[in-house]
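Q: Annotation source TrEMBL lists compositional bias 'Polar residues' at 1-16. TrEMBL lists 1-22 with the feature region 'Disordered'. The transmembrane segment annotation in TrEMBL covers 66-85, 91-112, 119-143, 163-185, 192-212, 232-250.
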Amino acid sequence: MATTNGAMGHHASSNDAIAHTDSKNELHRTVTQLTITPEMFEKLYLTPKTPRSGDNVKRFANPTPMGFVGFVISTMSFSMVLMGWGGANGASALAGMFMFVGPVLLILTTIFEWIMGNFFPMMVCSLFAVFWLSFGFLLLPTLELSAAYSTTGSAAEGSVSQAYNAALGLYLIVWGFALFTFWIFTLKTNIIFAGIFFFVTVGAWILSAAYWKVSQGNFDQAMKLQKAGGAMLFIVGLLGWYMTFVIMAAEMRLAVNLPVGDLSHYWHKTDVEMAVAEKEN
């Protein structure tokens, strides 16, 4: 009897052990987190990684490539027209693109970058969004804004007037200084992004000179400057496409790591928490 009880006790203890083992082998969902280096963060978001509250970077998609697409399509199309490729002349045909393709994508990106707390990309996208909107309005044939500069009310005559072209020249000079200011801050990101702002700044000033030459009646020199400005913007477009591909490749986990020339390591870290985070990584 004692042996039977012992066997039963052993059987019960075995059942307890099995039950205990089963409870340990239950499936549990584990939430994993992907930590990216500050260098990769800057490549994806074009802004230094700084400590901030919330987890918007984890919850929302990266909006930066969307803004790049809108910017690059508008810039490259405009550059080819300026250079007269295929006999193209006049950018009025691109007014719709300047007012919708570029600005819509850039405005959306501005909003999303603001939500995610990415200061510099937000500033960049908002800057180019309003530029393409304003330039698109200038090119709309139905508005005939240049007609106000003609004594006969002719838009064609007003478009070659001294006052009209001098005003556009001043407009692009101011934009050149704004872009130059942004270029200074891109030196903290990477060579590609800095190159984009360098060439777009030079392009804006060259096109400003072209408008000044038109205001003086020197159309031959103005045409040469226009093509030179278009060449600068074409380089901007190529760099923009490259940067777009780099960001999208990283987001899609494509097995390619294209260089962008990281410049952030040349700058001293001013945020103690950021320095600690880098050491932990």
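Note: Cβ is positioned from N, Cα and C throughout, glycine not excepted.
A description of the local structural setting of each listed feature is requested, covering burial, neighbours and distances.
A: Remote same-chain residues near the transmembrane segment (91-112) are listed as 60, 63-64, 66-67, 69-71, 73-74, 77-78, 81-82, 121-122, 125-126, 128-130, 132-133, 135-137, 139-141 (criterion: CB distance under 8 Å, separation of at least six residues from the stretch ends).
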Q: The transmembrane segment (232-250) vs the transmembrane segment (66-85): three or more C-beta pairs under 8 Å (separation of 6 or more)?
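A: In contact, yes.
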